[in-house]
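As written in TrEMBL, here are the features:
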DOMAIN    7-228  domain 'Carbohydrate kinase FGGY N-terminal'
SITE      D11  site 'Important for activity'
BINDING   Q72, H73  substrate binding site
ACT_SITE  D223  active site, proton acceptor
DOMAIN    239-422  domain 'Carbohydrate kinase FGGY C-terminal'
Amino acid sequence: MTTAPLVAGVDSSTQSTKVVVCDASTGAVVRTGRAAHPDTTEVDPQVWWDAFTEASAGLLDGVRAIGVGGQQHGMVTLDEAGNVVRPALLWNDTRSGKAADDLVAELGGPHIWADAVGSVPVASFTVTKLRWMAEHEPELADRVTRILLPHDWLTWKLTGELVTDRGDASGTGYFSPAKNAYREDILATAFGGRAPELPRVLGAREAAGRTESGILVSAGTGDNMAAALALGLGEGDVVVSLGTSGTVFGVCETAPADPTGIVAGFADATGRFLPLACTLNAARVLTATATALGTDLAGLDRLALAAEPGAGGLTLLPYLDGERTPNLPDAAGSLHGLRRANMTLENLARAAVEGMLSGLAAALDALQDNGIIARRILLIGGAAQSGAVRAVAPIVFGLPVVVPEPAEHVALGAARQAAWALAGTGEPPAWSEDKPQLLPAGDSTAGQELRQRHLEIRELVHHIQ
Ligand SMILES: Nc1ncnc2c1ncn2[C@@H]1O[C@H](COP(=O)(O)OP(=O)(O)O)[C@@H](O)[C@H]1O
Ligand SMILES: O=C(CO)[C@@H](O)[C@H](O)COP(=O)(O)O
């Protein structure tokens, strides 16, 4: 009997590392592992390696190829000897908010950035973190000889090769997805004239190299690009991913360039583009609210589902860790509309779910303004498991919501990329579809009212039109 080769995919995301091992021809998952990351916004990359080692322990026997999906944008700096110069600054570290503003102005404004690299940088982007480092830690910046992203660093540990892919490179702020080329001039401007080596950008199915034990390693990519690859997005599909970040994205054939900066014009992992809007506050809004209300996530669901849509008039702007969409890195959250009559645990729970999703609905509007057609929402990420989220999402988005079977979509996409590199075919392997849950679009009037109220309060508090 011949057995199909096995491939592995890794999701090194903000809160944890997940590993899946799949049948390379069908995508059927045969083994999984997981290990937690610390709750910080700067981290020694060794933590990711230790988590990968723990999550993959005993899983890789018989695996022929592996791919790494990683949290986007994180700034990993190496010295001449290959040691990290400082802990990596992650996508959700907002200290470079002013650096982002400065860089946007220095290059000539948001239009120039959108044309140059497809995106207007905010604090999440690697380029702004490099500027922050150049200004605040110039002696450390002088020691930097190579700059990598989190997935690049893990691929480098696995293969010894300094490589990346187009998808993750597109989140640096010094790579043009339209031209498929680095903008070293922008990097130098941001990093005080320094010109460290950058990873070579591999093609979508190109291999990075092999591990010491001979496993083929694919190019890897950013976590959102890997999820898109797992889901095989087509026209009309928009993903809403509720992990640490909330992301809204689709795929398209032409390079996006949104001068408002709301939609980032990323590249995907297949040769196309991945316009994406991202909030800093998603699943953790629910965990923080559950803790504040003295319950767990199941309890939060029960409370939120017991409240009426609209939470009795309560509106939460959930900017608990600052915010990226809208671009308010130093903002705090706020709760509006409190009255003695509506100040119940149920309404507070519902306001958390509605507030988190309303921010993403505004991001969806921006995606549509940029030409992305939305016929249905694919809801993924840890918080897609929440019953309250599943009840509220069809109302807030006003579209049918498809909830794929619970799965680690980022790790699956990375595994699919590994299977693609192994097969060397023109297209990624066609893996079997799962059986998603379909939630019909919810009450559009209630949804519009929620979205409108969210925008009005946002304007009132933060003066954002
Ligand atoms: N049933 C649930 N309800 C709400 N949130 C959940 C549920 N299950 C998991 N989560 C949340 O999902 C998050 C992890 O999601 P994940 O997509 O793995 O995040 P990341 O990729 O950013 O590390 C955690 O904050 C966790 O609390
Ligand atoms: O910064 C972005 C997208 O631009 C985030 O989506 C990060 O890629 C982190 O992802 P999660 O850990 O939330 O999945």
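Cβ coordinates are placed from backbone N, Cα and C, and glycine is handled just like the others.
Looking at the domain 'Carbohydrate kinase FGGY N-terminal' (7-228) alone, the prediction's average pLDDT is 98. Here the Cα atom of Q72 (substrate binding site) is found 11 Å from that of D11 (site 'Important for activity'). Non-local contacts of D11 (site 'Important for activity') by the CB criterion (under 8 A, 6+ apart in sequence, same chain) comprise T17, K18, V19, G69, G70, D223, A226, E408, V410, A411, A414. Listed recorded positions: D11, H73, D223. Those with a CB atom under 6 Å from ligand 2: H73, D223.
D11 (site 'Important for activity') falls within a strand when secondary structure is assigned with DSSP. Here H73 (substrate binding site) comes close to L90, W91, S124, F125, T126, K129, L149, G171, T172: these same-chain residues lie at least six apart in sequence, with C-beta atoms under 8 angstroms from its C-beta. Note on D223 (active site, proton acceptor): other Cβ atoms within 10 Å of its Cβ, all shown chains, come to 31.
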